[in-house]
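Right, one structure below, let's go through it.
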């Protein structure tokens, strides 16, 4: 081989190496699940929460949003993961190092479970019995659920998770309400705020700077009842590290798109992960395909609520100003309709407008009475009023309203009904396609920054390796232009194998002298 040919070969190899760097032959790592009942693989990482939410809401697969704190990153900096419950658990239980600081994103407007975040500083509260406080709180909340909603529950319906350390008592409580769930976590927050108002009032008296509301004094039996509850809820008052009094219950975990730490996860820089508490009485339903540990994990997820026609609980307080103070007055539904909620627009304004076109026609001005968003299944359920056309009976119902269900994943809508006979039949109309301008896939726009993170085969989360700016701006060479992702041609593979076998048979070696000469010429 001459020196010129050697230089040509070196140049060819360098060109191929550059081409492979900019267009790798291997695809990015995609996790795979082996069981037939498990969903197809979706594992996407985003640097921004809104990008993750947009992606999750715009694809058909059954996915959910989680946030991750990465070792070595700045405090408060999080990466957002979009995947299915099954896939997260599969890698969550095997790649503990990269997924050990994981949080569920409780989406704004999503139907959810009743939940609590409880904690106190042990050194400042040496006389307190945390287990007793948890038991008394569960009993009190169960009493209020029966009083307000007529729901019967007990400690057996409450998953109790513990991440306490020698310094801090820390528990999460997740209520599995029988055939019921809350409209979203803002309604959960209002319900908890109101039932704990006696404790807040008591705290306000001893600590004027403590958070709470001022209410007008109520005369008669109601005032006495409030006074009794203030005394009964005295166990909820704890002291922080500075000795200041505060509530045992964290009232700040009911904000929109709240990140709530997962079962078996710890905070960044900490080692105390949530485990099942010693006093936990909740036992998940058995399943042949799912282990007990995974069933606990699924039960712990706040928005893991499927649309089954269960009661959707709301809790609204109308603000009234009296002598400069706010007087929240409870407004709750007196009936047990399956579809309760706010009359404001849903998180999907375009879908709301489309549904209105379905019920405002033929001279009838229908309207959306209520809506509920089931994030677990990507379903928007609209309770319609004034428009009663039913596809089942092919006419307008005389007194019963209809339900419009929009499936954001499948990009279809269908009709259900409040009519007793239609409900007995469990009637559901045929599915009708959503207009393209309403479909989430049509609205999805991704940018390069959304591809900033990848997961390797060991579960490590790293920044994606991007090609240099020069390679992205240059025109593809004639040799590589038109390369695609299709499989290699079988005839090409056979020919390549024959050439390689011929080269092995010839067993020709380049003399050392010629190699040294080529190297010297290159230098």
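Cβ from N, Cα, C; glycine included.
Annotation source Swiss-Prot lists substrate binding site at 78, 117, 118, 119, 168, 169, 170, 171, 172, 258, 259, 260, 261, 267, citing similarity to another entry. Packing around residue 78 (substrate binding site) is summarised by its Cβ count: 21 other Cβ atoms lie within 10 angstroms of its Cβ, all protein chains included.
Feature annotation from Swiss-Prot assigns Mn(2+) binding site to 117, 119; the stated evidence is similarity to another entry. Mapped onto three states, the DSSP output places residue 119 (Mn(2+) binding site) in strand. Spatially close to residue 119 (Mn(2+) binding site) yet at least six residues away along the chain are 168, 169, 170, 171, 248, 250, judged by Cβ distances under 8 angstroms.
Annotation comment: Swiss-Prot describes 390, 397, 417, 422 as Zn(2+) binding site, evidence class similarity to another entry. Within 10 Å of the Cβ of residue 397 (Zn(2+) binding site) there are 17 other Cβ atoms, across all protein chains.
The annotation compositional bias 'Low complexity' is assigned in Swiss-Prot to 467-477.
The compositional bias 'Acidic residues' annotation in Swiss-Prot covers 478-488 (among others).
Under the heading compositional bias 'Acidic residues', Swiss-Prot lists 498-512 (among others).
What Swiss-Prot records for 203-230 (among others) is region 'Disordered'.
Positions annotated as region 'Disordered' by Swiss-Prot: 467-523 (among others).
Confidence across the motif 'Zinc knuckle motif' (390-423), taken as the mean pLDDT and rounded to a whole number, stands at 90. The motif 'Zinc knuckle motif' annotation in Swiss-Prot covers 390-423.
Here the binding-site residues are 168, 261, and the one whose Cβ sees the fewest other Cβ atoms within 10 Å is 168. Within 10 Å of residue 117 (Mn(2+) binding site), as judged by C-alpha distances, the binding-site residues found are 172; the full candidate list was 172, 259, 417.
Non-local neighbourhood of residue 422 (Zn(2+) binding site): 390, 392, 393, 400, 416, each in the same chain, at least six residues away, with C-beta under 8 Å from its C-beta.
Sequence-distant neighbours of residue 118 (substrate binding site): residues of the same chain at least 6 apart with a C-beta under 8 Å from its C-beta are 133, 134, 137, 169, 170, 171, 172, 173, 248, 249, 250. Residues 78, 117, 118, 119, 168, 169, 170, 171, 172, 258, 259, 260, 261, 267 are recorded as binding substrate; their most distant pair of Cα atoms lies 25 Å apart.
Counting in whole angstrom, residue 397 (Zn(2+) binding site) lies 47 from residue 261 (substrate binding site) by their C-alpha atoms.
When Cβ atoms from all protein chains are considered, those within 10 Å of residue 117 (Mn(2+) binding site) total 17, not counting its own.
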